[in-house]
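J.: Sharing the feature lines straight out of Swiss-Prot:
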type    : residues               : note
BINDING : H111, H148, H152, E211 : Zn(2+) binding site
Amino acid sequence: MIKWPWKNSQPQVQTLEHWQAAISIPLLAPLSDEERQKLVTLADQFLKQKRLIPLQELVLTEIMQQRIALLFSLPVLSLGIDALDGFHEVLVYPGPFIVEEEWQDDIGLVHTGKMVQSGQSWDQGPIVLNWQEVQDSFDLSGFNLIIHEVAHKLDIRSSGEATGVPLIPLRDIAVWEQHLHGAMDALQEEIDLVGEEAASMDPYAVHDPAECFAVLSEYFFSAPELLDERFPDLYRCFQKFYRQDPLARLKSWQSSVNYRAPSIY
């Protein structure tokens, strides 16, 4: 077995004080003190294992790097840092970026052209982000660019390609697919009825099962009450896979005497 020099089997415990400014965002406010400590330890490991590469003259300050690492670590809080082994680099643009892409239309014709992207997750390569929308991921709105791309990487770990079914026990796959496709069908019906702009959730979820898993993972962590209300069975599937219960965490925080959403700066 090869031992990579940057992998530390005994991660150092990071002090919350050093990460206090970075962790003070609404998305992470519901975490308990124990979860916060675990999260910053994972985030520190992340920064030691991955290269953050700013593009187009973007300057990544320490707090920017810490917040990127914290958001990458949140979905794997219980899965562990090894769940993020599928990449070594994170490329960060200042804003949405243009890429040359191929796509197939409804009748099978292949087209090539320039497309604006928010982020990308290559099957055997880096994750690409844009800082503008990373900043939009700090709240509890249901949108989270980093969690979306992490979900794709977790999906790919299962079979080598993104199918919408991450690494779960074989006995759970049929139920998972049933609820995932059920959510896609329900969202498509809603879109057909009220249109994409008025839909209750991001219409990109109906694109394919892989995108549905990624989009609804965003809601699982940043708007769990909406996912649980719309698709409670799927929420429980996600809860079992991620080994977290963001809704219970959110309710506990909201009922606490210290309930106060932090300001983002």
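Glycine is no exception: its Cβ is also placed from the backbone N, Cα and C atoms.
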J.: Among all protein chains shown, how many Cβ atoms are found within 10 Å of the Cβ of H152 (Zn(2+) binding site), not counting that one?
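T.: Cβ-Cβ neighbours of H152 (Zn(2+) binding site) within 10 Å number 24.
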J.: Tell me, by DSSP, whether H152 (Zn(2+) binding site) is helix, strand or coil?
T.: helix
J.: Looking only at H148, E211, the binding-site residues on record, which one has the least crowded Cβ, with the fewest other Cβ atoms within 10 Å?
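T.: Minimum Cβ neighbour count within 10 Å, taken over the binding-site residues H148, E211, occurs at E211.
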